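What follows is a single structure, written as structure tokens, with notes after it.
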Amino acid sequence: MREPKDRWHLVYAIVVLQGLASAVPWNVYVTESEYFGLRVHVPPFSRVLADNFENVNLVTSQAANLLGFLIYVPCQHWMSMDAQVLHPQVLTLLVMIGGCAVCLALQLGGNTVAFITLASQGMSLGIGLSGVGVASISFLTLWWSHPSMKHAKTPEEIAPEAFSYFLLSSLIIAAAVVTYFIFFRMPFVRHHRQPEVVAEWDWRDSEEGTLKEPLIGALPAGSGPSDSAHDLERLLRSSKAGSVAKAPLYGRLSRGVSMRDVSELSLREVLQRMMGYNVVCILVLLVTSAAFPGVTSAMCSRWNKADIAPCESYSSKGRFFGDLFVPFIFLVFNAGDFVGRLAAGLEPWRSQAPPMAFLIVYSAARALIVGGLVLCNVVTAAPWQLPVLLKSDAWPIGLTLLLGLTNGHLTSLAMMHAPATLPRGFARDRCGPILNLALTIGCTLGSVIAFAITYFFQAGS
């Protein structure tokens with residue numbers, strides 16, 4: 001069965017757009033700290049909640065995500081494609097509910113890993129692009145605003161900027177809703193979703209390893225290395241063709257047969273096969289969320305004279321080391337995250353999964369980055385109690401860049417290679433939701449750690 005071409009890379013572009021749509025609301029919510037910093041201090045308000053808003057916001061959002069996962073994963077088997085993708089997009093567009101956006105991100109991940117690894121990377125790149133785009137807009141908007149040295153922004157000045165961010169997010173989600181109708185009607189996607197194609201690839205994957213060893217014994221004894229390789233490939237092709245033709249599923253599935261019937265695994269079996277990648281995802285987001293955005297948003301340049309938040313708009317070295325420093329830190333993290341996702345698509349990472357022990361150690365070692373960040377010049381609503389041992393501005397910039405690079409790299413590696421642990425079909429459809437569940441568990445635990453760090457290391461806590 002000939003595979004149709006992805007003309008003009010439209011499938012890949014739509015997958016990237018869907019990744020953007022799943023992540024832009026959150027990135028806008030995190031980046032637009034200036035608006036929320038003003039809004040949460042409108043009386044009456046709780047001082048503890050207002051002074052730790054970003055961490056409280058992160059914990060609340062991830063709790064909503066976790067609730068969405070706990071509802072979604074057991075019910076996925078009975079949900080239609082529209083219920084899993086289109087309905088969450090529309091609801092997210094209307095009300096921006098984090099728990100609803102979960103279902104969208106989960107099933108989009110499941111759809112892409114089901115038919116091609118490159119599309120899975122496209123989804124990951126879309127998520128990375130959303131962070132870079134929103135952080136860039138935030139930085140440029142603040143840079144062009146040119147505030148007076150003694151003038152704090154008024155609500156009337158902040159509101160239009162915040163509205164533009166929320167409008168951009170809504171437009172991207174609206175575009176994702178429109179392209180959803182196109183995506184599953186494209187020949188390339190329809191081909192890879194056919195039960196016949198799924199069954200063929202399952203049979204080939206399972207047969208190839210079984211066939212190679214006995215076929216080696218059938219090669220002529222005097223063959224050279226190149227001749228042996230050629231003969232083995234020829235015999236393998238012919239044997240695979242005969243085996244696939246005899247497969248009970250291949251060529252005998254009607255279009256009405258669900259992919260769930262092609263390869264059915266229980267949820268427990270799926271979790272067991274994916275256990276290593278789930279541990280990696282939990283560790284990655286736990287470490288990342290422990291520092292970003294809670295700790296990184298509270299950093300000031302060493303040239304900034306502020307002792308308590310917020311940072312002063314201007315420093316002795318200019319405005320970059322004033323109110324532009326934190327938006328630049330956000331941009332550095334998201335740029336690093338995007339580059340890390342790109343790096344995961346290069347060899348040897350793309351074609352060969354690294355050893356699981358290496359991935360787990362790699363993920364856990366990132367905790368050292370968090371330890372370095374809390375020793376930089378952190379400025380909170382109450383004086384920071386830890387000593388500033390890493391005084392140069394190169395430290396927070398470099399450590400944040402490293403945090404973003406490793407976050408994007410590890411996340412993409414897990415998304416790209418975890419599906420290979422499962423057979424094609426509904427079992428592989430479950431891969432995306434389960435990986436995202438692991439990421440959300442890690443993010444929830446990390447956000448609790450971030451709240452504890454910023455709360456207990458402030459004076460008077």
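These residue numbers are counts, starting from 1, taken along the chain as shown.
Positions of Cβ are set from backbone N, Cα and C atoms, glycine also.
Summarising the annotation, TrEMBL assigns transmembrane segment to 9-29, 90-118, 125-145, 165-184, 275-295, 324-344, 356-382, 394-413, 434-457.
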Seg_contact(the transmembrane segment (394-413), the transmembrane segment (275-295)) with at least 3 CB pairs under 8 angstroms, min sep 6: yes
Contact ranking winner - 125-145, 275-295, 356-382 against the transmembrane segment (324-344), Cβ under 8 Å: 125-145
Recorded stretch, among 125-145, 275-295, 434-457, maximising Cβ pairs under 8 Å relative to the transmembrane segment (356-382): 275-295
For the transmembrane segment (275-295), sequence-distant contacts whose Cβ falls under 8 Å of one of its Cβ atoms, 6 or more beyond its ends: 30, 33, 54-55, 58, 62, 330, 333, 356, 359-360, 363-364, 366-367, 369-370, 373-374, 378, 400, 403-404, 406-407, 410-411, 413-414, 417-418, 421, 434-435, 437-447, 449-451, 453-454
